[in-house]
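S.K.: Got a structure here, written out as structure tokens. Questions coming.
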Amino acid sequence: MKIIKAKDYKDMSRKAANIISAQVILYPNSVLGLATGSSPIGTYEQLVEWFNKGDVDFSCVRTVNLDEYRGLDGSNEQSYRHFMNEHLFDLVNIEKSKTFVPDGLAENPVEECKRYDALIESLGGIDLQLLGIGHNGHIGFNEPSEAFEKTTHLVDLKPETIVANTRFFESADAVPKQAYTMGIKSIMQAKKIVLIVSSEDKADILKKALYGPVTPEVPGSILQLHPDLTVVTCGI
Ligand code: GLP
């Protein structure tokens, strides 16, 4: 595991974007696993800036996102599809048809999970996975539980996750109570993982995840077992 302590959020974002752009420059048809939340916004901004300068070309890149709220259409402003379009996909030369996010409106959740896993497999897995971490240690929406869930699944969001994500919605009631998330196996099979953590209030959970016991009670703790994990932090 490599840990990089950045000066501030901008520096963390630049360092994470550096790793991603190096991947894309070296391997133009990479499969990038992407994340949402406030942590990666600066990373995407930096990538867009470098794209505008002509330094990075996304035309052959494929992407798979970690998760999506169940019940939200991609055009809904709170959906993760909308987030990705707004912060990255609409701003660079990526082909939209090569960007994948679970379908929040899928009629059959079991089929949707199978479809998403088959899709990831058909892409040949993930080359580089960008991750944030929740206050309870969740990665994607893999919430604390009794066992690691290997494959894509539908999750009942924990009350603390609903509270944490209320800031993006009008009220706690408006936050969907379920979400689709990529499973731990797809995340752990990514060739490279970049975890970004930018707020002081995540210092405790980060310590547990990186140095505590590997347990599904702290889903991010599984990352200790990944052979190519880079953690970029600021303010911690
Ligand atoms: C959400 C996402 C996660 C993300 C987490 C932390 O729950 N599903 O993928 O890592 O939020 O978000 P933030 O970066 O805003 O703290």
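The backbone N, Cα and C atoms fix where each Cβ goes, glycine too.
Quick paste from TrEMBL:
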{"type": "ACT_SITE", "residues": "Asp67", "note": "active site, proton acceptor"}
{"type": "ACT_SITE", "residues": "Asn136", "note": "active site, for ring-opening step"}
{"type": "ACT_SITE", "residues": "His138", "note": "active site, proton acceptor"}
{"type": "ACT_SITE", "residues": "Glu143", "note": "active site, for ring-opening step"}
{"type": "DOMAIN", "residues": "31-224", "note": "domain 'Glucosamine/galactosamine-6-phosphate isomerase'"}
S.K.: Asp67, Glu143: which of these active-site residues has the sparsest Cβ neighbourhood within 10 Å?
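M.R.: Output over active-site residues Asp67, Glu143: least Cβ neighbours within 10 Å is Glu143.
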S.K.: When you tally the Cβ atoms that lie within 10 Å of each candidate's Cβ, which of the active-site residues (Asn136, His138) has the highest tally?
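M.R.: Going through Asn136, His138 one by one, the largest Cβ count within 10 Å is at His138.
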S.K.: Would you mind reading off the Cα separation of Asp67 (active site, proton acceptor) from Asn136 (active site, for ring-opening step), to the nearest angstrom?
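M.R.: Distance (Cα to Cα, whole Å): 17 Å.
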S.K.: Check the domain 'Glucosamine/galactosamine-6-phosphate isomerase' (31-224) for me and report the mean pLDDT.
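M.R.: A mean pLDDT of 97 is what the predicted model shows over the domain 'Glucosamine/galactosamine-6-phosphate isomerase' (31-224).
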S.K.: Please check the active-site residues Asp67, Asn136, Glu143 against ligand 1 and give me the ones with CB under 6 A, sequence order.
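M.R.: So the answer is Asp67.
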